[in-house]
Every structure is written in structure tokens, then in C-alpha cells.
Amino acid sequence: MPEPLLLTDLRAATMLPGGAAYGVIGDAAIAIEDGAIRWVGAARDVPGDLADWPRRGLGGRLVTPALIDCHTHIVHGGDRAREFEMRLEGASYEEIARAGGGIVSTVSATRAADEATLLKDALSRVDALIAEGVGCIEIKSGYGLDLETELRMLRVARRIGEVRPVTVVTSFLGAHAVPAGEDADRYIDEVCLPALEAAHAEGLVDAVDGFCEGIAFDTAQIARVFDRAAALGLPVKLHAEQLSHMGGTALAARYGARSVDHVEYASAADARALADAGSVAVLLPGAFYTLRETQAPPVQAFREAGVPMAVATDLNPGSSPLGSLLLAMNMACTLFRLTPEEALAGVTRHAARALGLRDRGEIRAGLRADLAVWNVETPAELSYRIGTNPLHTRIVGGQS
Ligand code: NIG
Ligand code: FE
């Protein structure tokens with residue numbers, strides 16, 4: 001462990017709720033010891049026993065919690081640039097999926113890629129996120145749809161957390177799409193559930209995800225996956241109400257889901273169900289933008305019900321080839337009318353909650369020292385600028 005360190009000459013957006021906007025402390029200091037935040041507060045209040053610690057001045061820069069991308073499909077083979085062209089020529093995402101393109105075409109490319117290739121390709125995307133201050137990434141399987149490839153994707157995800165200074169949280173997404181020529185029920189029972197058991201036995205699964213949609217699985221099929229997750233003691237989450245209202249949000253809430261993601265077509269009743277379940281709504285403006293959707297998620301209903309909203313890239317080769325979490329924040333504001341403060345909470349405090357992580361997402365004594373230091377004056381600038389990266393330094397586990 002490095003020496004204790006006192007960060008000084010900084011403004012901290014602690015993201016602690018209930019006080020100043022963004023939890024800002026104007027002239028702040030942050031004490032780091034053993035990879036954790038030991039103390040944070042106004043510089044004039046630094047406790048006497050920390051006063052002679054080694055100091056590092058940050059030139060008045062803004063410090064936030066390190067960012068958290070709580071929904072990605074960053075491990076995958078191939079690309080879908082041709083589909084992008086097809087959509088511009090008039091085909092819809094659903095038409096392409098039903099014609100054997102879409103998720104299923106990435107499945108072919110992912111099955112054909114070995115572990116080294118998947119890792120190398122994913123790392124270039126991971127490095128771009130790290131360069132914008134991301135310290136934690138959720139990574140899903142779901143482009144294998146067979147036991148061997150689902151496990152390979154998850155092994156690559158775990159490996160990313162070993163070879164890069166980033167925390168990886170995995171989600172098993174066997175119920176992502178029905179493989180070409182398969183029966184959906186048979187696929188769930190004979191492939192997806194056994195793959196989940198095998199992945200769990202290998203310690204590869206932190207949570208279980210699914211895609212509840214007309215082009216994927218219905219609520220009864222997702223319920224079978226969630227029942228197995230519950231039997232294994234694994235938390236659940238769901239892609240729901242992205243393209244239509246299928247009832248996935250209410251189902252996920254019944255299972256106490258950590259998060260329900262996309263949720264463009266969620267209703268006010270869904271919002272209340274999420275609030276009661278303590279689930280996070282994960283907004284994915286990159287997919288909304290890419291698919292040129294017109295129905296925005298019910299942000300006002302989420303606010304009124306008190307549903308925490310997270311924001312993520314959904315980085316995937318089809319519906320959201322978005323490699324920037326800062327741009328996702330900007331899109332969440334511009335397309336979904338989040339405030340910049342909500343967007344920053346969405347990639348820090350609420351993203352941590354969506355992943356079940358209680359040790360990060362705010363700048364508070366006792367949490368991990370995962371911080372991002374920015375060349376900006378105000379926290380709103382992180383959402384406001386488009387296509388710029390104002391990161392100065394990232395500190396993860398107390399180390400930069
Ligand atoms: O989150 N909605 C389903 N899954 C992905 C899409 C993946 C793909 O198109 O390859 C999503 O948008
Ligand atoms: Fe997704």
C-alpha cells in the first residue's frame with residue numbers, strides 16, 4: 001500500500017445527497033489511507049493527526065467520485081456497421097433482428113473469436129472509458145448463447161479486472177436473444193439455465209440479466225431465469241420496456257431487481273413498483289439515440305416516485321456503439337432532460353447502487369478512494385461539453 005496522502009487545493013463534488021448541489025465542498029481536502037478515503041471536508045477543518053501527512057495539491061481542480069459504467073456489453077466479437085447503414089436505408093432494429101441480423105449476428109462473430117481476441121478488442125474500449133475517469137465497469141455475457149461462449153465472455157470480463165486498474169462486475173445475460181432456428185422455451189431450459197449454473201459454479205456471475213422484449217423473451221421465460229438466479233442466491237436485473245411495454249419492469253420489481261434498464265416504455269405504475277422494490281432505473285440514451293427512438297423514459301415519474309436513475313453507455317456493437325460515458329451523460333441531459341447533477345449522480349452514486357456496491361459512488365470517509373480529477377470549473381461541465389475529455393487524473397484504490 002502506498003503512503004497515506006492528503007489531497008489538497010481542490011473542490012470536491014462528493015455527491016452526498018441532502019446538502020449542497022453535487023455535495024460540493026468549495027475548498028476541500030481528502031485524506032487517503034490504505035486505498036480508502038479516511039477523511040473528507042473543508043481544508044480549514046483537516047484534523048490535527050492528518051496535518052503532517054504528505055500532501056498533493058490539485059491546483060484547485062474539481063474532484064468527483066470515479067465514474068461507474070453500470071451497463072455494458074463491452075466484450076463482443078465483430079461490429080455491426082453494415083446494420084447502421086441498413087437502418088439509415090430504412091430498416092428498423094426489429095426488422096434486422098427478425099431477419100437474422102442484430103444480436104444474433106454478433107453471436108456468430110463472438111463464437112468465432114478466441115479468448116485472446118475478445119480480450120484485446122475489449123481492452124481498447126475499456127481503456128477509452130478508463131481515460132475518462134471510469135473506475136468500475138459492468139460487463140455482460142449474452143453474445144454466446146451457448147454454454148462455452150457465455151463462459152468465455154465472462155472469463156474475459158473477469159480477466160479485464162485483473163489486467164487493468166478497474167473493478168469489473170459481471171452479469172450473466174444468457175437470456176439475451178433466441179439463437180437462430182431455436183425454440184425460445186427449449187433454449188431457456190436446455191442452454192441458458194445450465195450455462196448459468198456452470199458460470200456460477202466457476203465464480204463468473206455477479207448478477208443475472210435478461211432481455212424482455214418481443215424480439216427476445218417474454219415475462220414467463222424471464223421468470224424462469226430469475227427463479228434459478230434466486231435459487232443460486234444471485235441478484236437480478238433486466239433489459240425491459242425498451243421497444244414496447246411487455247411487463248418486464250413489474251416482473252423485475254417483484255424479484256427485487258437491482259436495476260431495470262432502458263425503460264423507455266415504463267409507466268407511472270412501473271415507476272412506483274421500482275421505488276417500492278428499491279430498484280434503480282438505468283437510462284441508456286446511446287441506444288435511444290442510435291435507434292432514433294422517440295419515446296423517452298418517464299423521467300418525471302421516476303423523480304416523483306423517488307426511483308434512483310443511473311446512466312450508462314450500454315456499449316455494444318448494435319444498438320449503442322457508444323464508447324464514452326461522458327457523452328452518455330450529455331445525451332441523458334439533452335435527450336431525456338436529466339439535470340447535469342442527476343447525470344453525474346447517475347454515473348456515480350446511483351450506478352454504484354445499480355451494481356449493489358456500497359463501497360463507492362460518493363466521496364465519503366470509509367469508501368474506496370476511487371476519484372476522478374477534472375480540468376473543469378463546475379460539475380455541470382462534465383455533462384455540458386460534447387466530445388471533449390477534461391480528465392486530469394484518475395485515482396483508483398488510492399493509486400493514480
Ligand atoms: O442493451 N437490448 C438488448 N440488448 C442490447 C442490444 C445489443 C445489440 O443490439 O447487440 C441493448 O441495447
Ligand atoms: Fe444492454
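Each residue, glycine too, has its Cβ placed from N, Cα and C.
As recorded in TrEMBL, the features of this protein are as follows:
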BINDING   H71, H73, H239, D314  Fe(3+) binding site
BINDING   H71, H73, H239, D314  Zn(2+) binding site
BINDING   R80, Y143, H176, Q242, S319  4-imidazolone-5-propanoate binding site
BINDING   Y143, N316, G318  N-formimidoyl-L-glutamate binding site
DOMAIN    217-376  domain 'Amidohydrolase 3'
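Location within the structure of each feature annotated in TrEMBL.
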| residue | record | DSSP (3 states) |
| --- | --- | --- |
| H71 | Fe(3+) binding site | coil |
| Y143 | 4-imidazolone-5-propanoate binding site | coil |
| H176 | 4-imidazolone-5-propanoate binding site | coil |
| H239 | Fe(3+) binding site | strand |
| D314 | Fe(3+) binding site | coil |
| S319 | 4-imidazolone-5-propanoate binding site | coil |
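The binding-site residues under consideration are H71, H73, H239. Their Cβ neighbour counts within 10 Å are lowest for H73. Annotation note: R80 (4-imidazolone-5-propanoate binding site) sits in a coil segment as assigned by DSSP.
Using CA atoms as reference points, the binding-site residues Y143, H176, H239, Q242 were checked against N316 (N-formimidoyl-L-glutamate binding site), and the closest is Y143. Shown in sequence order, H73, H76, R80, I103, T106, G142, P317, S319 are the same-chain residues outside Y143, N316, G318 whose Cβ sits within 8 Å of the Cβ centre of the N-formimidoyl-L-glutamate site. H239 (Fe(3+) binding site) has its Cα within 10 Å of the Cα of none of the binding-site residues R80, Y143, G318, S319. In the vicinity of ligand 2, defined as a Cβ distance under 6 Å, the following of the binding-site residues R80, Q242, D314, S319 are placed: D314. G318 (N-formimidoyl-L-glutamate binding site) has none of the binding-site residues H71, Y143, H176, Q242 nearby, counting only those with a Cα within 10 angstroms of its own Cα.
Looking only at other Cβ atoms within 10 Å, the busiest spot among the binding-site residues R80, H176 turns out to be H176. Ligand 1 lies within reach of none of the binding-site residues H71, R80, Y143, judged by a C-beta closer than 6 angstroms to any of its atoms.
As a whole-number mean, the pLDDT of the domain 'Amidohydrolase 3' (217-376) in this prediction is 98. Between the CA atoms of Q242 (4-imidazolone-5-propanoate binding site) and D314 (Fe(3+) binding site) there is a gap of 12 Å.
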